[in-house]
Amino acid sequence: MKLAVIGGDGIGPEVTDEALKVLRALRADIETTDLDLGARRYLRNGELLTDEDLALLREHDAILLGAIGAPGSVPPGVLERGLLLKLRFALDHHVNLRPSKLYEGVESPLKNPGEIDFVVVREGTEGAYTGNGGAIRVGTPHETANETSVNTRYGAERVIRYAFELAQSRRRHLTLVHKTNVLVHGGGLWQRTVDEVAREYPEVTVDYNHIDAATIYLVTDPSRFDVIVTDNLFGDILTDEAGAISGGIGLAASGNIDATGTNPSMFEPVHGSAPDIMGKGIADPTAAILSAAMMLRHLGDEANAVRIEEAVARDVAGRDPEAPISTTEVGDRIAAAVVA
């Protein structure tokens with residue numbers, strides 16, 4: 001298994017090291033290539049993501065990312081557009097996959113959360129994030145700006161099909177989230193596509209929520225959800241809310257996936273680079289380790305993905321919430337548990 005590793009910035013390299021520790025406990029065939037991408041490189045030489053970097057990434061089976069960002073050192077949007085979004089579009093990561101699970105021993109901010117175990121399938125290469133827009137008369141009283149949301153049948157359908165396949169392997173329930181009563185063109189395309197694809201999956205029940213209703217249900221009744229499929233912007237909102245109700249983004253993993261397998265998919269913890277705790281050895285690597293499990297599942301190694309997830313569940317359940325986290329100790333415990 002050839003892995004490209006982007007440790008990135010802040011605590012990124014620390015948590016990625018622990019994810020690799022767990023992977024190597026299970027697999028002896030892992031070959032890694034470290035790539036220097038992120039704020040440190042940008043501040044050093046102004047480079048973000050070159051054609052050579054992309055060519056090297058394409059030689060690998062998957063990409064493991066730590067964290068990107070240097071708040072206060074790099075202007076907002078530079079790393080997001082020049083590195084992260086460029087990676088997503090260049091490698092056609094059209095599926096953003098975000099599981100949300102409340103583990104035993106983890107406190108939710110919800111008073112009575114019930115069972116939280118669902119997945120958000122977010123379209124990753126279209127919608128409002130394509131950069132299709134502009135502004136005129138900037139800085140004047142007549143300034144006008146627009147951001148065009150681009151939705152194609154091709155782009156929506158491939159993500160919707162991925163979501164149906166996922167739902168079929170889980171509890172067989174899919175929820176489309178959009179705003180079809182106002183966004184009648186883009187929303188209509190999504191609704192029609194879901195309705196048509198649903199005929200091929202008669203075992204999967206389907207319902208629909210407006211985005212505003214979905215944000216309410218995530219707080220009042222999260223157990224109603226199994227697989228949520230939605231567009232880029234709404235998915236961005238829902239996935240952060242989903243992380244918050246299930247114990248925080250410190251436990252949240254994600255995948256940026258080319259479902260065709262043409263390009264390597266990328267897996268990462270949701271949390272940021274947290275430069276304030278960099279080098280202190282107190283960053284929680286759990287999300288990075290769960291990202292590694294997602295990667296194994298994507299590559300067809302279901303058995304080892306389950307081993308990691310079960311080891312994480314036991315480890316989280318046994319933690320003292322008042323005790324400080326040790327990055328390497330968490331990695332050591334989970335690496336030992338997956339082979340016990």
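Including glycine, each Cβ sits where the backbone N, Cα and C put it.
Database features (Swiss-Prot):
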type    : residues                                                                                               : note
BINDING : Arg88, Arg98, Arg122, Asp212                                                                           : substrate binding site
BINDING : Asp212, Asp236, Asp240                                                                                 : Mg(2+) binding site
BINDING : Gly272, Ser273, Ala274, Pro275, Asp276, Ile277, Met278, Gly279, Lys280, Gly281, Ile282, Ala283, Asp284 : NAD(+) binding site
SITE    : Tyr129                                                                                                 : site 'Important for catalysis'
SITE    : Lys179                                                                                                 : site 'Important for catalysis'
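Checked against Asp236 (Mg(2+) binding site), the recorded positions Arg122, Tyr129, Lys280 differ in C-alpha distance, with Arg122 being the nearest.
In this structure, Lys280 is the one among the recorded positions Arg88, Arg98, Arg122, Lys179, Lys280 with the smallest number of other Cβ atoms inside 10 Å of its Cβ. Cβ neighbour count within 10 Å across all protein chains ranks Asp284 highest among the binding-site residues Asp240, Asp284. Rounded to a whole number, the C-alpha distance linking Arg122 (substrate binding site) with Ala274 (NAD(+) binding site) is 25 angstrom. Spacing of Arg88 (substrate binding site) relative to Tyr129 (site 'Important for catalysis') is 11 Å (Cα to Cα, whole number). A coil conformation is recorded for Asp284 (NAD(+) binding site) in the three-state DSSP classification, outside any helix or strand. Within 8 A of the CB centroid of the Mg(2+) site residues Asp212, Asp236, Asp240, the other residues of that chain are Ile211, Thr215, Leu233, Phe234, Gly235, Ile237, Leu238, Thr239, Glu241. Neighbour density around each Cβ, counted as other Cβ atoms within 10 Å, peaks among the binding-site residues Asp212, Asp236, Asp276 at Asp236. Secondary structure from DSSP puts Arg98 (substrate binding site) in a beta strand. In this structure, the CA atom of Met278 (NAD(+) binding site) is 30 Å away from the CA atom of Tyr129 (site 'Important for catalysis'). Closest to Lys179 (site 'Important for catalysis') in space, going by CA atoms and restricting to the binding-site residues Arg98, Asp212, Asp276, Ile282, Asp284, is Asp212. If you draw a 10 Å sphere around the CB of Ile282 (NAD(+) binding site), it holds 14 other CB atoms from the protein chains shown.
If you take the C-beta of Ala274 (NAD(+) binding site) and look for same-chain residues 6 or more apart in sequence within under 8 angstroms, you find Gly10, Ile11, Ala67, Ala283. Under a cutoff of 8 A between CB atoms, and with a sequence separation of 6+ in the same chain, the neighbours of Tyr129 (site 'Important for catalysis') are Leu85, Asn232, Leu233, Asp236. The Cβ of Gly272 (NAD(+) binding site) lies under 8 Å from the Cβ of Gly10, Ala67, Gly69, each of which sits 6+ residues away along the same chain.
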